[in-house]
């Protein structure tokens, strides 16, 4: 491995696994830290994701480590036990305090948008955003995460930002989060 690839690998590992910020990357709480169950299998994306799909969990919001860790464990159990998925469906999740949590992580095929998982990443805001407005901290963290994905080469520089409802018959990511997507899109500026 040449020195450029070694440096990129080091940044990716630092940003997504050890919960250390790298450049514009937000601090990401690792799976190990929030108590994730090991995935049954993992499949890698073959290229940088061309789409970023925004979701909401449609459950109660969380702020603070203890509350969010319990919520993440609940979501993972819902996905793995009740839906028979290999892991939590999302690549990343964002709490209302702006905390970012590793789901499947960068470069891993998700289970968040049927028929669209092999060329996308899924980012879920924790909470129900049909009647709740996302916090500025959560929106800012998601925007930084998207830019981080571009900077690390996991998200195509000209990615398309979508709400789950743009690809499926659903209310997700909730009407009040959906109206905020324009503020997340790096490609509009």
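Here the Cβ of each residue, glycine as well, is placed from N, Cα and C on the backbone.
Just so you know, TrEMBL annotations never went through curation; they're auto-generated.
Taken from TrEMBL, the feature region 'Disordered' applies to 1-22. Feature annotation from TrEMBL assigns compositional bias 'Basic and acidic residues' to 1-12. Residues or ranges marked as disulfide bond by TrEMBL: 25-148, 62-68. Residues or ranges marked as domain 'Peptidoglycan recognition protein family' in TrEMBL: 26-168. Summarising the annotation, TrEMBL assigns domain 'N-acetylmuramoyl-L-alanine amidase' to 37-174.
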Problem set entry | Cα-to-Cα gap, residue 148 (disulfide bond) vs residue 68 (disulfide bond), nearest whole Å | 22
Exercise. If one measures from the C-alpha of residue 62 (disulfide bond) to the C-alpha of residue 25 (disulfide bond), what distance in angstrom results, rounded to a whole number?
Worked result: 21
Exercise. If you draw a 10 Å sphere around the Cβ of residue 62 (disulfide bond), how many other Cβ atoms fall inside it, taking every protein chain shown into account?
Worked result: 23
Problem set entry | Structural state census, the domain 'N-acetylmuramoyl-L-alanine amidase' (37-174) (DSSP three-state) | 41 helix, 31 strand, 66 coil
For this session: Within 10 Å of each Cβ, count the other Cβ atoms and name the one among the disulfide-bonded residues 68, 148 with the highest count.
Result: 148
Exercise. Cα of residue 25 (disulfide bond) to Cα of residue 68 (disulfide bond): how many Å, rounded?
Worked result: 20
Seminar exercise, completed: Restricted to the domain 'N-acetylmuramoyl-L-alanine amidase' (37-174), the mean pLDDT of the model is 94
